[in-house]
């Protein structure tokens, strides 16, 4: 093979340079229709021609056609892999289409791979044999054909191209073309999940901005900067700089720690490993043999070969025979485009175009398009034979597949699923079918059926690199997708590592690409879970920030607690007080210039002196307090696994007034369980289910046939056979037994469930797959009572007696009417076989035909025959929160069925009003006077202790909203069963609201009935928020409970923001799925539950817990303590700063309004730190009630939401106490000692410290050892440091009794009145916590 430079698409090559060129032919000669069209012709113009010709000429297999023709001169190789329903007349008929050239276009045979005849055009099972022959001719000629560059990718081996140099940034607003399994021509975002708030670059600017946006911090910054001016400097510069630096360091450190923690957890999610298919070029040695020159033969094949019968194994054997012949001649068989191997990539390393191999229960890491899916039972067979999916679609089913007659052949019969035709069913074993769970994305509990496109499902993985997916721009609509998949023809010199350029792709399209549409049914979005026991191959289309999940998620924001805002407001008051005091003191002295100091400089110096009124240590104490609260939450054994991700807002846990909760996975486990069944005269539940099992055992226990050659006896609904044990039973019991048998058989037949066999720990386990978990719960229940579904495919099902282990019911499926959200019911027509059939060929006369239907009571009540118990019983079950299904049946004669079938097929092919016409036929022939069999009640299992938790939160004054993506009926049932809606409470439903005038009627009703629960769907919610936004939200926030269903993730976040803006109250949002992230981040407090399916919600949340019931302790206990402690701590720190400022004021007045400091240098720093900090900070350990009382009296929580613990009233009480105590301490110290001097400072400062220690002791409600230690330790520390304070104190005076009695007297005067006032107030109007403590 010659080596040449990189092939340029726009530079025509000379044929002389092509070492493989034996012959130059005009492309016009081969395909006049195609090549006569200008290259600029649109896709639309080409489409009719593609349909007419079933695809352009595939100019591939460039040499093998010649090789195959040498080995098979006696028959056309194009016959291989097809049904043998053509002969040589077909070939001649095609070749004579062009009378002038037909005589020259004959071939000795051509090779056509399995991939060539697999994809074809959508809607066609087989191309006509004539077109196949035409393609054979052209494929063979293509081996020796010199093509213009724009028509071919062929060329000799190209050197590697740096993909990075070819990549351009992709425009998110445009659609994208994804080359499967190869490098992309444009660059897409990385597939990394990020819940971090900051980047290394933005961290400092954003955090500093957040800090200094608070007036509190800006004030201290200005005070600290003022000390750089000599005229304003008072004491040490470090006195003002160090505290501010400490505050900023602590706050920034905490933010950095929280964000690093988020990044670490993100890294865990991003490091999850996924299997990716890697496509490599075939080995060079084989490629060289593959490109061996062979001379083109132009003789036509004579009609010597015999016709072959239509047998699928013949197709395989012919191919095998052909391969053997090629190998015996020393030639290599046809080689795949690439060699596939599996590699493991981390989630963050996945790129657009990667082909993922996904298995059961695996999370989908990015938005993907499904290419191929096969059950795990089929995997082992794939290497040895052709793809079973391809086989099944290349032939039409000849007859019904046989259904098991014995238990031994169940496994073999299960494989028949993949050999059926027609439409998709809920059978994951079918062609290209898989189920996904989307509850993490949209909150819906039903599983969704997803399919591989027919074009890709039949393709070998080694040919995936020929695929190209065209998808729309990134979009947040999770239920919509429009795209196209194209299969490009084979090219000679293909390198999967070189990105395809647009010119190459256009050339490929022109040379015969096949395409098929893609819809939402061919996709799986990020954070969905594969539910089927199947292996799915899918190509990544959207990554990272462009996935549906990420687009529905808002950006993380920095959250600030309500307490911070309240303290900020109080700080402004204190600052105004400081400024006023400074101006007043200067005014009292007079604004004349004294000794050269200007009046405004005096005011500035006073401002600095009184800066302690706004204590900077307040931020230090509060931030340290938050850390302690977070530590308490994470170490609480009662809420094991709790994680605090945002440690700046624990106090807000005690101020929540609205709780917005997800349903699926948060309130419920998304596990259904059959709880009750009513058969008209008797109801069965709990232990009574054993009686149902005994009836089934009697009714379906058939003896084994005496003659082994005789088929087993099968039971039909009309069977009169019953076990002999029932002969002595009463007539009533026999009737009940018959009704129970009928309803259980109906439930075992009327569904869309497929059993699958899995192996776990060496044991074979049968599991069920269906789109609805309700159906699985019912089928599991029928197995529990004795009737097991062992096989199901599109044509029939087989039921087995659990007692005997033998098949007892065999039914052929004639029609299925699937469940829809509008119809609210599903039906099935089956034909029961009694085992006496002579052949397995479908015969509508061979057995009883029955129509079964189950659905919601609202629609079924008018379909079933008149009765007097249905409405009452369904209402009873609904009150228990059970999801009710009414079951009915109707027997049909053969004539009735044929008549129905005829009319139904006519309606199904109508052009106009097809769905309505089909529904009309079903209603007319089937849905009339059904025999009512019974009512089932299925429970959506609630999370542990959900009922008591919701009741406790409601009693705590929290209004609860449930926002879910699930259906209206499901949401109603869960609202009732979880006690979100109180027993007897009216539920007002607003659904499918489309008109504004109707909306006004609903609002008027709600205005008159404010004690009702509102149930509203997403469509109606959207209309109300658009046209009646303020009116609706003002009504809704007053209701005790609101349930919103069919909500998109964006709608959930909008509701949270709307409540916040309208009420200005604190909102908590809790959820467990990716669809809850936006809502969680929009809330004041976001709580994430670590779900089964992932941790996306918990990673994005401020607090992460493992169960919903832990939320009560988080709010009622930890929230209460955090808020109460911080409120007390904040007021104490303010008191501590205010009292020293009052002392300073008294001193300044005494020394004739001079701005000189009373306590300088170390005394100022020591007072705010070592002498008072530990006792004051120990208040974070205080608690007014114990946990048991907090849970017993949740009404105590309601008081917290009023903000009474830190309000303007309590603030001004502390201000007056500070003014009184400061005035007494400084005034009496000056009176009893001296106006200015070390004696006065010693008495004043000592009383000040002791006063603070005593005030802390007075405020403590529940003593803790740390409190005692900190108080006594601080006292001893102060007394021990006095000898070292000779610079400030008169040490000789301190050791006299005069010092002691002055300190004692002044301390008593400052402390006794405030404490007495507190005792009197507590006796007159005791706080609630003291009432419940009975103190």
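Each position is counted from 1, following the chain as shown.
The backbone N, Cα and C atoms fix where each Cβ goes, and this holds for glycine too.
Because the structure is a prediction, the values reported are computed rather than measured.
Of the listed segments 1291-1312, 1313-1334, TrEMBL assigns transmembrane segment to 1291-1312. The range from 289-312, 313-336, 337-360 that TrEMBL describes as region 'Disordered' is residues 313-336. Among the residue ranges 1202-1222, 1265-1285, the one that TrEMBL annotates as transmembrane segment is 1265-1285. Looking at the stretches 240-271, 368-399, 400-431, the one that TrEMBL records under the feature region 'Disordered' is 400-431. Mean model confidence of the domain 'P-type ATPase C-terminal' (1099-1326) amounts to 90 (pLDDT, 0 to 100 scale). Cα separation, residue 662 (active site, 4-aspartylphosphate intermediate) to residue 1076 (Mg(2+) binding site), rounded: 7 Å.
Secondary structure counts, DSSP: the domain 'P-type ATPase N-terminal' (184-237) has 25 helix, 2 strand, 27 coil.
Each of the recorded positions 662, 1072 was scored by the number of other CB atoms within 10 Å of its CB, and the largest score is that of 1072. For residue 1076 (Mg(2+) binding site), the nearest neighbour among the listed binding-site residues (819, 965, 1046), judged by C-alpha distance, is 965.
Same-chain residues at least 6 positions away in sequence with a Cβ under 8 Å from that of residue 1046 (ATP binding site) are, in sequence order, 965, 966, 967, 968, 1017, 1018, 1019. Here residue 1072 (Mg(2+) binding site) is positioned 8 angstrom away from residue 664 (ATP binding site), judged by their C-alpha atoms.
Rounded to a whole number, the distance between the Cα atoms of residue 883 (ATP binding site) and residue 1072 (Mg(2+) binding site) is 23 Å.
In this view, the densest Cβ surroundings among the binding-site residues 664, 1075 belong to 1075, judged by other Cβ atoms lying within 10 Å.
Of all the binding-site residues listed (819, 965), 965 sits in the most crowded Cβ setting, with the most other Cβ atoms within 10 Å.
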